[in-house]
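Database features, via Swiss-Prot:
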type	residues	note
BINDING	Ser23, His59, Asp233	substrate binding site
BINDING	Asp125, Thr157, Glu162, Thr195, His221, Ser222, Arg223, Val224, Thr231	ATP binding site
BINDING	Tyr136, Glu162	Mg(2+) binding site
Amino acid sequence: MSSLLLFNDKSRALQADIVAVQSQVVYGSVGNSIAVPAIKQNGLNVFAVPTVLLSNTPHYDTFYGGAIPDEWFSGYLRALQERDALRQLRAVTTGYMGTASQIKILAEWLTALRKDHPDLLIMVDPVIGDIDSGIYVKPDLPEAYRQYLLPLAQGITPNIFELEILTGKNCRDLDSAIAAAKSLLSDTLKWVVITSASGNEENQEMQVVVVSADSVNVISHSRVKTDLKGTGDLFCAQLISGLLKGKALNDAVHRAGLRVLEVMRYTQQHESDELILPPLAEA
């Protein structure tokens, strides 16, 4: 068989369950560098679309790389359709975005994609910053999230700081955070999972709050003191995997949190500064 025939036979194209759009590092375990192996451990096929390509996170003493140019980024997305690789697509997840223009490009692609995939699950992790660091993305990204991605998402996973930025509301206590999350719900946006919500410091607990139109569920987990990066990316990878494997939202959130704790403890046992995935036990 000639190579020309082989590579133009779209019936032979690889298919993805998930397209994951976020950062990638050469060294380390953040963004798609941790999300992709975590998703694959769950038996799902995933295509990774980078928004930034970095040598490593900026926490090291040397750091190289930057945002993917818009022309490349739009080409990566377009190529997935040109290869006919999205026939079985079930979900798109987003994490760290490099520029506001990337967010607009992605939103346009998702809008077109949904015409062929009306049941597509779009889950957005609106990476903006945190309480300790403040905003650590470009200043025009929060508005781009509000304008372009939130109207398309079925679920979002902000931390408390990001929820405050997106809503303009104070979220430092549980009731106000829940009210802020509910203000974002719409006919499209069905749920908000607030990560790193206020927990019980004395009992070494952290809380994840699952907010939908008709329910609020507070899930408590043990707090692990660590400076490890990529735990939020891992959480989202586990969450989307659980949902696609048929878990109910609250159960998927609970299991994702437990898996993150397991990975953090395993990483600490192996004295690594970067997350290490242990084998995934069948659940």
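Every residue number used here counts from 1 along the chain in the order it is shown.
Cβ from N, Cα, C; glycine included.
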Nearest recorded site to Asp125 (ATP binding site) by CA-CA distance, among binding-site residues Ser23, His59, Tyr136: Ser23
Spatial neighbour of Arg223 (ATP binding site) that is closest, considering only the binding-site residues Ser23, His59, Tyr136, Asp233 and their CA atoms: Asp233
Shell of the substrate site beyond Ser23, His59, Asp233, same chain only (C-beta within 8 angstroms of their C-beta centre): Val25, Gly28, Val30, Gly31, Ser33, Thr57, Tyr96, Lys229, Gly230
Arg223 (ATP binding site): tally of other CB atoms within 10 A of its CB: 16
Between Ser23 (substrate binding site) and Thr231 (ATP binding site), the C-alpha gap once rounded to whole angstrom: 14
By Cα-Cα distance, the member of binding-site residues His59, Tyr136, Asp233 nearest Glu162 (ATP binding site): Tyr136
Listed binding-site residues (His59, His221), ranked by Cβ neighbours within 10 Å, top entry: His221
Assigned element (helix, strand, coil) containing Arg223 (ATP binding site), judged by DSSP: coil
Same-chain residues at least 6 apart in sequence whose Cβ lies under 8 Å from Tyr136 (Mg(2+) binding site): Ile128, Gly129, Asp130
Secondary-structure category, per DSSP, in which Asp125 (ATP binding site) falls: coil
For ATP: widest Cα to Cα gap among Asp125, Thr157, Glu162, Thr195, His221, Ser222, Arg223, Val224, Thr231 in Å: 22
Residue with minimal Cβ packing [other Cβ atoms within 10 Å] among the binding-site residues Asp125, Glu162, Asp233: Glu162
